Amino acid sequence: MPRPVADGKIGSMTAFDVRPVTEDERRSTFDLLGRSLHSNRVSDELWSRFGVSWPAAHKFGAFDGDTPIGIASSFDTDITVPGGGVLPAAAVDGVGVRADRTRRGVLTELMRVQLADVAARGLPLAVLHASEPTIYGRFGYGSAALGKTIRVARPAARLHDRVPLAGEVRMLTPDEAVKEIPGLYHRIARRPGMIGRPPLWWPVMHDRLAGPDGDHVVAVHSGPDGDDGFVVYETVSRRSLEAPDEGAVLQVRDLHADSPVARAGLWRFLLSVDLVSAVHARHRPVDEPLSAMLTDHRHAATLAVEDDLWLRPVDVAAALAARTYRAADPVVLAVTDRLLPANTGHYEVGPDGARRTGAAADLTLDVDTLGMLYLGEWSATALVQAGRVQAGDPAAVARADELFTTIAAPWCGTHF
Ligand SMILES: CC(C)(COP(=O)(O)OP(=O)(O)OC[C@H]1O[C@@H](n2cnc3c(N)ncnc32)[C@H](O)[C@@H]1OP(=O)(O)O)[C@@H](O)C(=O)NCCC(=O)NCCS
C-alpha cells in the first residue's frame, strides 16, 4: 500500500489530504459524488437499502480537514481480453470533486494515489466510463471500446426472413429478475471488454431497476441448452395532449446474448411489443448487425458512436502478455508512462506472446494510446494517422495492425 497521503497545496488556495475513506465517511463521500454528477439526493431510506454498494474499500477521498472535497472509488473485478483470457482489473466507478474546489489538482492527486494503489495490489488493468472524454487521457487511460446508440423505428422495422428463428422468450417477474439474471450474465459474458459484475454491482445497477421496487422489464431467451440471453428495458411513455396516440419508447438498458440466435430472438421480441413507436439502445456493440437483420436497414439509425470503456494498462508487461495476437512478424513497442514509470520500456509483441526487450522500437506510443490499441478497437494505422503512434517503417505498422486486430469488436456492456 503506498502512503496514501499527499499535501495537495495547489497555488495558495487549497490544501487537502488524500487518504482512504473510512466506514464513517461512506455516506458523505457518496453524497459528494452524487452532487458532483448532479444526481438527486439519496434519501436515508434508499441509503439504508443500497449503501451496501458503496463500501469503504478501495475508495480514496480528498479532505479539507474532516470534510470530503473529492472522491475516487473503484471496485475489483476482472475483464475478458482478446483470446479469452480474463485479467484482474480495477473498475473506477465514482470520481468527483466538489464544484468549489475543481481545477486545483484534486483529481490529479486522487488519480496518482489510486493508480499507485492499484499497481501495488497487482491489478494489471484499470477501466472506467468517462463523463467527459477529455479527463482521463492525462492519467494514462485510452478509449478502448466504443459503443453505438441506435434508434429502431416501430412499427416499420421488420426482421428479414433469414434472421434465425429459434428458442423462446419469457418475461420474468421482478423476483425472478433479481434471482436469475446475475448467474445468466456470469455464464454468457465473454466478449473482450466485458467485466465481471461483483455482488456489490447488482443491488443498485440491476435490482433497484428490475426488482420489486423497479419498473424495468426483464425478458430471457432460451435455446436448446437453456437460458442464453436477456434484455432489461424501460418503457417511456410519449403520449401527450398533442400526440395522444404516440406509442411508447422502449429503452434498452442491458442486452446480452450468448449467440446470434439468442440475440435475434431478443430483438425479435423487442420489435414485437405493441403500442411502441421506437426502440432505443445506447452503448451497443459497434458490430451488432441490427440494420443487416432488418428488411430496410434505414429503420435502425445509428445516432452516435461514443467512447464506452476506457482502459489503463497498469502493468504493461502483464497486460500485453495476457492477450493473444494474430499471425504476423513481431513488432517492438516503445511505451512511455509518466505516472507509473516502471512501465516505460520496450516490449516485443508477436504471435507467441509479449515480453520486455532491449531491441530497437518499431512503434513509439504513450500508455494511454496503448490502452486504445489493447482490445483491438483502434488499428495501429488509425493511431499513426491520428499522430498518437510514431512509426518509421510502414511495414511495422501493417504488422501491428495484423497482430492486434480482433474479429469481434470489444465491448463492455456494463454500466458502472
Ligand atoms: C472531472 C473532475 C473530477 C476534475 O477534477 P479537478 O480536481 O478539477 O481536476 P484537476 O484540477 O486535477 O485537473 C487536472 C487537469 O485536468 C483538466 N480537467 C479536469 N477536468 C476537466 C474537464 N471536465 N474538462 C476538461 N479538462 C478537465 C484540468 O484542466 C487540468 O488540466 P492541466 O493539468 O492541464 O492543468 C471534476 O471537474 C468533477 O468533479 N466534475 C464533475 C463530475 C465528473 O464529471 N466526474 C467524473 C466522472 S467519470
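Each position is counted from 1, following the chain as shown.
Yeah, the Cβs are placed from backbone N, Cα and C, and that goes for glycine too.
Any TrEMBL annotation is an automated prediction that lacks curation.
Straight from TrEMBL, the features:
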type	residues	note
ACT_SITE	Tyr136	active site, proton donor
ACT_SITE	Phe416	active site, proton acceptor
BINDING	Val95, Gly96, Val97, Arg103, Arg104, Gly105, Val106, Leu107, Thr108, Ser131, Glu132	acetyl-CoA binding site
DOMAIN	16-176	domain 'N-acetyltransferase'
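Shown on the structure are the features that TrEMBL records.
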residue	record	contacts (Cβ under 8 Å, 6+ apart)
Val95	acetyl-CoA binding site	Leu33, Ile71, Ala72, Ser73, Leu107, Leu110, Leu128
Val97	acetyl-CoA binding site	Ser36, Ala62, Ile69, Gly70, Ile71, Val106, Leu107, Leu110
Thr108	acetyl-CoA binding site	Arg138, Phe139
Glu132	acetyl-CoA binding site	none
Tyr136	active site, proton donor	Leu128, Ala130, Trp310, Arg312, Asp368
Phe416	active site, proton acceptor	Phe75, Ala91, Asp93, His129, Ile195, Trp201, Met205
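In this structure, the recorded positions that sit close to ligand 1, with a C-beta under 6 angstroms from any of its atoms, are Glu132, chosen from Glu132, Tyr136, Phe416.
For the acetyl-CoA site, whose binding residues are given in the record as Val95, Gly96, Val97, Arg103, Arg104, Gly105, Val106, Leu107, Thr108, Ser131, Glu132, the maximum C-alpha distance rounds to 19 Å. For the recorded site, Val95 (acetyl-CoA binding site), the DSSP three-state label reads strand. Classification of Val106 (acetyl-CoA binding site) by DSSP places it within a helix. Its own atom aside, the Cβ of Val106 (acetyl-CoA binding site) has 24 Cβ atoms within 10 angstroms in the protein chains shown. Counting Cβ atoms from all protein chains shown, Arg104 (acetyl-CoA binding site) has 21 others lying within 10 Å of its own Cβ.
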